[in-house]
Amino acid sequence: MLNHILLLVISLVCAALTLSWFPLLFRKQSYSCAKGLIVITGGSGILGHAIIQEALDRGFSVASLDSTEPASFLQYNSKFSALKCNITKDKDVEGCVHSLKKMNRTPFALINAAAIAPKNHLLSISRQELQKCFETNVIGQLAITSALFPLLLQDPNPHVVNIASSLAYFSAMGVGAYSSSKAALVSLHETLEEEVLSQHPNFKFSLYVLGQIKSTMFEKDTPNRVLAPLLEPQNLAKIIIQNLYTNKSGRFYYPFYARFMPLLRFFPLPIQKLARLFSGMDKIYS
């Protein structure tokens with residue numbers, strides 16, 4: 001019991017220090033990655049599309065790995081390449097890596113923006129839906145990261161970007177599959193970062209923990225615009241690309257409330273219930 005209390009105290013202190021010294025979590029160097037190649041998954045999504053457009057506007061080259069066709073106007077941009085790829089299928093992943101090698105394209109950054117969010121209660125969701133969610137949001141992202149890893153290492157400052165959700169820390173009714181997959185992604189990111197940096201200290205990892213984005217993935221509005229404002233995908237894209245441009249990495253939380261979501265887990269259950277009631281988070285997809 002004493003060990004559990006000590007662990008709780010240490011966790012709270014670490015969380016407080018994280019919030020107090022938040023700016024120190026970022027590693028920034030003078031190296032600029034302008035004109036390099038960015039590989040992105042999920043480019044047909046609202047956020048993925050915004051990231052592609054912002055990257056092209058900033059002078060980067062972009063290779064989009066997606067199972068659907070890109071917007072027609074992107075196909076006429078000489079710096080844009082579209083590779084049809086389902087990241088949940090090993091053959092597709094291997095084929096995309098082979099195509100990049102064949103084109104003599106070496107990426108400096110990978111942005112994992114692919115995600116799906118089934119809406120169903122956990123006792124009602126099918127095994128197939130749950131499996132597809134984890135394959136897309138977790139397993140597939142690790143697969144493409146692993147496959148591109150040798151190519152990324154050819155750049156002096158390689159960078160992997162993963163996009164999580166504030167729901168990974170405090171889930172809501174009706175989106176349990178999505179939330180748990182994003183929680184797994186957070187754990188995967190943290191472990192992968194430590195494993196890679198132990199051997200390749202120049203490698204960069206960035207984790208973006210986001211609230212609700214204006215997109216078709218979560219078409220229903222948030223119940224409390226003051227506490228949980230909707231995020232504009234274009235604004236997020238500017239932040240992500242700017243951080244790549246300046247070689248800044250670390251943990252990024254948007255909007256402001258997202259950085260406090262992990263702390264809710266340490267509060268007594270009645271307080272958590274009040275937070276759910278006050279925010280209305282369980283009413284959206286219940």
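Along the chain as shown, the residues are counted starting at 1.
Any Cβ shown, glycine's included, is placed from N, Cα and C.
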In Swiss-Prot, which of the ranges 36-56, 141-161, 246-266 has the transmembrane segment annotation?
36-56
Could you list the residues of the same chain, at least six apart in sequence, whose Cβ is under 8 A from the Cβ of Tyr178 (active site, proton donor)?
Ala115, Ile116, Ala117, Pro118, Cys133, Asn137, Ser165, Leu167
Can you tell me the three-state DSSP label for Ile213 (NADP(+) binding site)?
strand
Quick one: pull the CA-CA distance for Ser166 (active site, proton donor) versus Ile213 (NADP(+) binding site), whole Å only.
11
At a 10 A cut-off on CB-CB distances, which of the binding-site residues Leu47, Ile213 has the highest count?
Leu47
I'd like to know which of the recorded positions Ser67, Ser166 has the most other Cβ atoms within 10 Å of its Cβ.
Ser166
